[in-house]
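Now, the feature entries from Swiss-Prot:
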BINDING   H64, H93  heme b binding site
DOMAIN    3-147  domain 'Globin'
MOD_RES   V2  N-acetylvaline
MOD_RES   T13  phosphothreonine
MOD_RES   S45  phosphoserine
MOD_RES   K60  N6-acetyllysine
MOD_RES   K83  N6-acetyllysine
MOD_RES   C94  S-nitrosocysteine
MOD_RES   K145  N6-acetyllysine
Amino acid sequence: MVHLSGEEKSAVTALWGKVNVEEVGGETLGRLLVVYPWTQRFFESFGDLSTASAVMGNPKVKAHGKKVLAAFSEGLSHLDNLKGTFAKLSELHCDKLHVDPENFRLLGNVLVIVLSHHFGKEFTPQVQAAYQKVVAGVANALAHKYH
């Protein structure tokens, strides 16, 4: 559960309505894989991830990034039940994929950076603060199965 004020919820949903999920998702996952290269081990089937340009131009990275942000978008519709919303994904990432839950936090922080880059002055400190709460809540929900 994420505790957001009415103003914070409005800020999050207003900005999210302008997000190009495909573009932002691909860039977010791509940046995660470049900045934190150890995360690439979960994506060995994606082909060439040898350079930053290879990662950022990789169609499988872009497609999976879109999928990740589509799930995040679903979470924004259920901020009061993130654990329930992400229960199956938490189980998958814990039991089958064995993803370090810290990676969820890293991904959330990269998403905030990408949103800041895309929205510039519109991504005010207040909007960032609200998004930091949301990505922390999503990361905690995804890590829930690990506890």
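Note: Cβ is positioned from N, Cα and C throughout, glycine not excepted.
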| message | For the C-alpha pair, I'd like the distance in angstrom between V2 (N-acetylvaline) and K83 (N6-acetyllysine), rounded off. | response | 10
| request: Please name which of the modified residues listed here, T13, S45, K83, is nearest in space to H64 (heme b binding site), Cα against Cα. | output: S45
| What is the one among the modified residues T13, S45 whose Cβ has the most other Cβ atoms less than or equal to 10 Å away? | T13
| How would DSSP class V2 (N-acetylvaline) in three states? | coil
| message | Can you tell me whether DSSP puts H64 (heme b binding site) in helix, strand or coil? | response | helix
| request: Check T13 (phosphothreonine) against DSSP and tell me helix, strand or coil, would you? | output: helix
